[in-house]
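Undergrad: What TrEMBL records for H325, N349 is active site. According to TrEMBL, the feature compositional bias 'Polar residues' maps to 182-191. What TrEMBL lists as domain 'Calpain catalytic' is 228-303, 321-411. As annotated by TrEMBL, region 'Disordered' applies to 169-191.
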Amino acid sequence: MDCTALEHDAFKFAKAAVTYDQKAKYNEAVFYYKEAAQALIYAGMAGSKLEGLQDKVNEYLNRVQALHNAVQSEKIDPLKSRHQVDLERAHFLVTQAFEEDEKGNGDEAIELYTQAVELCIKTSNESSDQTLQTKLKQLARQALDRSDLSSGGSSGPVRQFFPLGPDFSVHDRPQPQPIRAVQSSEPQGQRYTAEEIEVLRSTSTINGIAYVPFMSVDLKERFAFPVPFSDKTGKLALSPKQKAIFSRWVRPDEICNNPTMIMSVSSFSIKQTVVSDCSFVASLAISAAYERRYNKKLITSIIYPQNRRGEPEYNPCGKYMVKLHINGVPRKVTIENQLTGMRFLQLKNPWSHLRWKGRYSERDEKNWTPELLKYLNFDPKTAQKFDNGVFWIAWEDLCQYYDVIYLSWNPTLFKESSCIHSSWDGKQGPVKDVYSLANNPQYKLEAQCPAGGAAVWVLLTRHITDKDDFAQNREFITLVVYKTDGKKVYYPADPPPFIDGIRINSPHYLTKIRLTSPGTHTFTLVVSQYEKQNTINYTLRVYSGCKFTFAKIPNPFTHTKRINGQWKGISAGGCGNYKDSYKHNPIYQINLERAGPLLVELRGSRQYSVGFEMVTVSTVGDPGPASFQKKNSGDYRCGFCYMELDYVPAGIYNVTPTTFLPKQEGPFFLDFGSTSPLKVSQLQ
């Protein structure tokens with residue numbers, strides 16, 4: 001922490017607190033006194049040498065306590081009338097019209113000016129307040145004058161609002177580029193593939209509401225309206241805890257005067273009350289702390305409308321837009337300003353003062369030592385006065401009382417990044433991939449590690465479109481990494497994984513690959529699930545400190561044949577160890593028209609060990625060194641085995657699928673894949 005910056009924050013907040021205090025704006029003063037005290041506490045922890053620092057902290061906290069009593073007896077100003085609110089809405093219309101005018105959007109500006117004038121006239125006719133009428137007429141006159149200027153000099157093209165739908169990925173790319181299957185860390189302005197477009201489109205509807213990808217055209221979103229904005233999707237669904245204290249929906253101007261969008265970006269003022277998603281609240285808090293400390297606008301840059309300084313501003317028309325990263329990409333979330341009204345305005349929230357009462361709490365007199373207090377810059381007496389939710393806890397207690405720790409990390413730490421959006425059909429492959437990865441999505445990652453090493457992080461994100469899916473998540477996902485030079489992996493444990501992921505029911509799974517030796521490192525990334533039941537859409541994103549390429553492993557076998565067979569009765573002959581019965585096993589003959597690669601896969605019951613043998617019957621022409629008399633699938637394996645040959649001469653071959661032991665009856669699938677046409681027939 002930068003103690004100088006914290007000292008500056010403390011001075012700024014204290015100054016604001018004193019200003020509000022002098023104006024008898026006690027609620028605002030309490031907020032800024034708390035912020036000033038907290039900034040000084042952290043400045044002390046960071047090594048600040050300010051004289052009387054602790055005295056100032058105590059002074060601010062004592063003033064907070066005194067103001068709490070004043071707030072109780074504070075005379076509440078009457079709320080603004082509906083006509084006064086209409087005046088504010090008309091003023092916002094004019095402001096937005098002026099900005100559109102400056103941007104050259106003449107027709108849009110004229111429409112906003114006209115609506116402002118109409119609203120002013122309507123409100124003036126309804127109101128008997130002469131002062132208000134004067135203000136409305138003056139604003140209407142200004143809007144008319146500006147409208148005349150705009151209509152006289154408007155010659156630009158009409159502003160268009162493009163629908164956000166099926167073709168979003170086409171219109172939002174600044175430079176058309178050929179579609180690339182390989183994702184690279186090089187800045188080449190890539191476009192989405194057809195599969196990615198379909199994935200992003202299918203996961204754009206969440207809980208029945210469309211959240212389309214955020215595009216540059218959304219920065220031109222209109223926020224000014226003559227009537228309060230209402231979300232066409234209806235009101236937010238409330239949790240049982242929220243419904244218990246819900247009274248009615250209200251807009252900010254119905255419960256307070258002069259609503260402010262953001263008084264100050266602060267993590268200390270964020271507390272979980274009736275928002276049921278604690279992970280979202282925690283993310284919001286840590287993002288606010290990061291923005292405050294490093295002056296990087298994580299929160300304020302994604303909330304609209306914004307003023308000329310790029311800061312979120314209060315909209316009396318009631319419409320807001322937030323850019324949130326959901327299901328793989330930044331998406332547009334439009335909201336209205338209606339909030340839940342409480343039955344009791346002075347409801348005390350018990351969660352805002354829930355303290356840690358174990359070892360090293362602010363009231364622990366047994367374990368704290370003067371040396372430790374000095375080392376941690378912790379003052380229990382100050383903490384007793386000011387509960388901001390921050391406390392010290394021993395590592396052993398952390399491990400005992402917490403099941404999971406979520407850490408936020410900054411993706412901009414990595415200079416290279418790329419992602420692929422895709423889908424995994426729930427009907428493809430077995431429910432459990434404990435014996436076969438043949439149907440799992442697999443990707444080739446090739447990183448160029450510089451001298452000194454580098455880190456490559458791969459984030460797997462499962463898209464969620466229903467809140468019940470998130471609340472009762474039964475999808476367990478992971479990412480498994482193999483050192484197989486980017487080749488497809490068929491057996492989960494052969495070769496052994498370089499990094500074997502743990503299957504968890506979080507929508508995010510992060511894999512960290514550490515590169516230590518310079519040169520090219522090539523990996524195979526395998527998406528895996530535990531007890532796969534449903535089709536999932538997901539995003540696989542690579543963050544790297546070095547250059548890399550990243551692509552889905554292609555399937556070269558354009559010609560395939562599947563045989564649906566069975567071992568039954570005499571045809572369940574077992575392996576070659578049983579010579580008398582082996583000859584009765586099913587035999588299939590394949591005819592390869594041209595030489596090339598060949599894939600043979602056998603799938604049977606998991607309770608049986610299966611394998612197959614392939615024998616050359618005849619070849620076309622000179623087969624060369626690639627010819628063979630007999631090959632097999634290797635060791636017998638439970639439920640699945642395969643054989644992949646890089647080059648097989650054109651000709652005729654017989655394949656005999658078997659179980660290890662005779663009399664093991666059951667169905668099986670025998671799959672053939674080739675780059676050239678092939679014919680398969682059953683001999684016996």
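Just so it is clear, glycine is given a Cβ too, placed from its N, Cα and C backbone atoms.
I'm curious about the neighbourhood of these features; can you describe it?
TA: Of all Cβ atoms in the shown protein chains, 11 besides its own fall within 10 Å of the Cβ of H325 (active site).
Averaged across the domain 'Calpain catalytic' (228-303), the predicted model reaches a pLDDT of 76.
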Undergrad: Summarise the domain 'Calpain catalytic' (228-303) as counts of helix, strand and coil residues per DSSP.
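TA: Computed counts for the domain 'Calpain catalytic' (228-303) are 28 helix, 6 strand, 42 coil.
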Undergrad: Helix, strand or coil by DSSP: which one applies to H325 (active site)?
TA: strand
